[in-house]
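What follows is one structure encoded as structure tokens, with my remarks underneath.
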Amino acid sequence: MDTNNISSRNLTSLLVVVILCGSLVNGAFTIAQDTWIAVLLMGILFLPEILIYSRICALFPGKNLYDIIYSIFGRTSRFILTLLMTLYVTVVTGLQLRNFVEFTAVISLQDTPRVVLMVLLLLPVLYLAKEGIQVMARWSFIVCAIIVLNIALTILLSLNIIEVSHILPVMDHSFLDIASNSFTVGTITLGELVMMMAVMGHLNKGESPYKVYLWGVLVGICLFALIILRNILILGPDMEEAAKFSTYMAVRVIDIGKFFERIESSISFIYVLLGITKMSLFMLASATGLSKIFKDMDYRKLLLPISVIVVGIGTVVFKNVFEMFELAWVYRYYALPFQLLIPIIIWIKAEIKKSYSMKNN
Amino acid sequence: MMRRMISFISMILCCIFLSGCWNYKGLDDIDIVTGLAIDKDQGSDIYQITIEIVDTQTSGREGEISAKYIDAEGRTIFDAIRNSKKKLINKLYGGNMQTLIISKEIAEAEGVSIIIEELLRDGEPRETISIVISEEETAKEILLTDGIDSNIISYEIHEMITEDNKVTASTVDMPLYQTYNSIKGNGKALVLPVVRRINNINKNVVEGNGIALFKDDYLHGFLSPRDTMYYLFIVDRVRGGVISFPIGDLDESISMEIKDSKTDTKISSNQNKIYVDINVKVKLNIMEVKSQLNISNVDERDKLETQTEEYIEKHITELFEKAQSEYEIDIFGSGNLLYKKDPDLWRKIETHWDELFQSAVIKVKVEADIISSGVLKNY
């Protein structure tokens, strides 16, 4: 292991940042005023999955996901599993990159070719991934602080234009609808925390991964729900439903006086920070996995080739913004094996192995 | 050392070469649009728009900011806006647009929903632009009036309308996003402010003049500024205003300023009859006493409060009944209150909500509190 001393506070903020980056697809929700309920439900629905991730990390302190796979599986299965997870995280990075670039292109830079935006965005991502997990964790703490400040500020500034009756009637949609929405956005927001296992090995000795995961999910989901609630209360359910990026539209309505007037650029700024951090984490996870396959090669050498692949994936993954929101509803099935099946297999095998070695000892 | 030099030089190069981009819009390249007026030619189905832009050449430190106007035509509004470029050097930038004026002909014939959809879809204009209906023949006349406080009519209209519910309570402010909610919302009713052109010491200026009532998104009728105050009481949008009425005998009257007002509307349904329960709490300042009333006397003040309450109650009930019999539609959006309370019931009755509204029973209770009388105890 390169480093073994990242504090749990930094890793928790990294987790929160990854969760909040999923809030970019809040256009995929189809339930208007009950979206905040879906977000809270998401935390509850995915809790077992998060507990599985924490348990796997707790069984093997100091080891990341790929080391764990290598230590408990035989030659063929460990090769296949590592390859699958690496491919998955590469595709997810491409999706996230394209998602973010679509947001930028729709909101402001309409004429810039997508590829240019993707390459330019990947440059800081590459730098951050090259610097390593310690820098990334410390950086995410700062990003987390900025986000919390921004959310608090926009909520306080919007208090004179919100109408509380916008969230009524509560639970007008069927529970099945709400749960379906939770599941869809949950696979993007919480399910991708499976890749946090690739860096959890760097956690401080003596700190528990449960603490990191559970605190991170709690704070992340609460912030996400607050963001959605603020959007609904400002815009009203019908407008929030119709908008592609309701956070941006909600903050555009806020007016802070005669001189400064608008603060919507802070939202684009925040999304850039979130996007860079999440992508660099996933790039790091992908490079680590690939380096494991190539017999412990230095992962920094693999970052550049992976980024080229990621740009390629980002270009072809969907044709236009309509497909982006439709993809969210298909992605949940595609991600299920990687987010649930493979971790369960790893977990069960790990438990068996641990109890076997305990019996032998 | 060498590496530092190289990285420093590459950073400088990045700053130089990457500072422009495909979407670069220099300030000298754009015309800032402040307002838009939309008319339609009766025979030919072509939209005629008038765009108000800030005149950046004659505006400066010495002169006031003034505005220029551009006419354009097109099959759709987006078409018309783009066609205006055939007359202009610069591109139009809509991020500072404040007002949209729609002629009443378009509102009656086609509805305002199509215009709103275009402006919402285009990400440039803000969602907070005020939408107004022009009472004159065309919307263009409103834009071409002289301003009193500012030469840019759109800013005048926008400020006038947004401040109004705190000052005269005679019209309503509907930014773009709230208009969308009112059209699409279950049981909601759209109202838009109305402006007209009026003579003010030999200049033609813009004046707010009540509200326009809509059935779905088609213009249905108008409410006078007086009636609009009671409309605002019912929908809880009064934050200021004046109540004047005659008291006592002969030509005695009293004028009071509304300091604050809160309305609680409850709706209930019982065997196909709708009951609307309106409770208003209003705080007043006495501003002008044209009577022999001794306002430092507690009994006289109590009597005045009761008279005010009766006055407001009577007018609110009259307006409600007028909406039921003359306009025949739910102009207050009370269907939305029922939807929020009981969505299943709403889904059953929403198709004949207007008929149910016409036979609704209203109960009004006003509580008036006189909290001050200016700086004089007595006159």
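Positions of Cβ are set from backbone N, Cα and C atoms, glycine also.
Residues annotated as transmembrane segment in TrEMBL: A:37-58 (among others).
The annotation transmembrane segment is assigned in TrEMBL to A:79-97 (among others). Outside the transmembrane segment (A:79-97) by six or more residues, the chain places 21, 65-66, 69-70, 73, 118, 121-122, 192, 194-195, 198, 275, 278-279, 282-283, 285-286, 289-290, 292-293, 306, 309-314, 317, 327, 331, 335, 338, 342, 345-346 with a CB less than 8 A from a CB of the stretch.
Per TrEMBL, the feature transmembrane segment maps to A:112-129 (among others).
According to TrEMBL, the transmembrane segment annotation covers A:141-162 (among others). The list of residues near the transmembrane segment (A:141-162) in space but at least 6 beyond its ends in sequence, with Cβ under 8 angstroms from a Cβ of it, reads 9-10, 13, 16-17, 20, 223, 226-227, 230, 233-234, 250-251, 253-254, 256, 263, 266-267, 270, 273-274, 277.
As annotated by TrEMBL, transmembrane segment applies to A:182-200 (among others).
Marked as transmembrane segment by TrEMBL: A:212-233 (among others). Within the chain carrying the transmembrane segment (A:212-233), a Cβ under 8 angstroms from the stretch's Cβ atoms is held by residues 8, 11-16, 18-20, 22-23, 26, 32-33, 35-36, 39-40, 42-43, 46-47, 50-51, 53-54, 57, 147-148, 151, 154-155, 158, 162-164, 166-167, 189-190, 193, 196, 200, 203, 240, 246-247, 249-250, all 6 or more beyond its ends.
Annotated transmembrane segment per TrEMBL: A:269-290 (among others), in sequence order.
Under the heading transmembrane segment, TrEMBL lists A:302-322 (among others).
Annotated transmembrane segment per TrEMBL: A:328-348 (among others), in sequence order.
Contact between the transmembrane segment (A:37-58) and the transmembrane segment (A:302-322) is absent: fewer than three CB pairs lie under 8 Å, with pairs separated by 6 or more positions in sequence. Cβ atoms under 8 Å from those of the transmembrane segment (A:269-290) belong to residues 14, 17-18, 20-21, 24, 64-66, 82-83, 85-86, 89-90, 92-93, 96-97, 100, 103, 121-122, 124-126, 128-129, 132-133, 136, 139-140, 143, 146-147, 150, 192, 195-196, 198-199, 299-300, 302-303, 306-307, 310 of the same chain, restricted to positions at least 6 beyond its ends.
Counting Cβ pairs under 8 Å that are 6 or more residues apart, the transmembrane segment (A:328-348) and the transmembrane segment (A:182-200) reach 3 or more and are in contact.
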